[in-house]
Amino acid sequence: MTAHLKKAELHCHIEGATPPELALRQARKYGVDTSAIIRDRAYVWEDFTSFVRCYDAVASLFRTEGDYALLAETYLTELAKAGTIYSEIIVSPDHGVTIGLGADAYIEGLAAGMEAARVKTGIESRMLITGIRHLGPDSVIRTAEYAAMRRHPLVTGFNLAGEERMHSVAEFSRAFDIVRDAGLGLTIHAGELSGAFSVRDALDHVRPARISHGVRAIEDGDLVKRLADEGVVLEVCPGSNVALQVFPDFASHPLRRLYEAGVRVTLNSDDPPFFHTSLAQEYEIAFHAMGFSDSEIDRMTKTAIEAAFVDEPTREKLLAALHV
């Protein structure tokens, strides 16, 4: 059991963290029929394409600053109840623009919820602005420019998410240069739906501190060694990987092999209710299904804090809290 362990997370898409119960309440608020995406209080999808469609439908249920404050506070409060001391949420200002709320109001709403959760529970959290890969390089550059300009104290990083099989990583290098120059931490989705080559391309063209997922690096031994040698941190999401059939089961998941090869790995939930998981469940999976000991899991949590996109005083406070 891992309930007694402190936890930290670097990879969760905030709209993807919406509990079905909250989605249903939002649907009633706006008079939206959710029968195609929620059945028996669970999200319904079959493959990555239908997952994205379901995700977008859920995201459309949040339309005001107050809605987003509620979402962030709800998620982070539940994390804190499970012993989580730190969380990074992946956010998409593009969605705020699409729904007519605006990027600034979207960020401010989330920030209000994050602060409310911190006051209530003590949990620290930060936002990573994400570009959407399948919207193309020009869209991602605009998002990067916004992230570089919008210096909210809780916005500390930049990510690239979306359909990994569309566009080459090199097409997004300018966007990452923009946010790197602005001092934001860099991570990028790679090595999930695409193979080891996508991780290598990310290292070559983006030079991130972290890779979102990255698990298919296991297909290339030289790449695994490179990750270990360069100290690049992988944000690993086992429950998501099995749900999306990146790997058929936890026995075949490479987290243990990556860990033993010296790669810096962390535990994350990705889009937890969509994949019938939670951060607490990911810790349980590591313990029961993958054979990690308490001390090994603690090491992964420490890695997450060491790799977090936070200022050094906050990092020191979190490291001190890890074993309190």
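Glycine is treated like the rest: Cβ placed from N, Cα and C.
The Cβ neighbour count for E192 (active site, proton donor), using a 10 Å radius over every protein chain in view, is 24. Look at Swiss-Prot and you will find E192 tagged as active site, proton donor.
Annotated Zn(2+) binding site per Swiss-Prot: H11, H13, H189, D270, in sequence order, evidence recorded as sequence analysis. Long-range neighbours of D270 (Zn(2+) binding site) (same chain, six or more residues apart, CB within less than 8 Å of its CB): H11, C12, H13, G16, C237, G239, S240, T277.
Counting every protein chain shown, 26 other Cβ atoms lie within 10 Å of the Cβ of D271 (substrate binding site). Secondary structure at D271 (substrate binding site), taken from DSSP and collapsed to helix, strand or coil, is coil. As annotated by Swiss-Prot, substrate binding site applies to D271.
Cβ contacts within 10 Å of H213 (site 'Important for catalytic activity'), excluding its own Cβ and spanning all protein chains shown: 27. Taken from Swiss-Prot, the feature site 'Important for catalytic activity' applies to H213, supported by sequence analysis.
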Cβ-based neighbourhood (8 Å from the centroid) of the Zn(2+) site, residues H11, H13, H189, D270 excluded: C12, G16, I90, N159, A161, S212, H213, E235, C237, S240, N268, D271
DSSP three-state assignment (helix, strand or coil) for E192 (active site, proton donor): coil
Neighbour-count leader, CB within 10 A, binding-site residues: H11, H13, H189: H11
Integer Cα-Cα distance in angstrom, H213 (site 'Important for catalytic activity') to E192 (active site, proton donor): 6
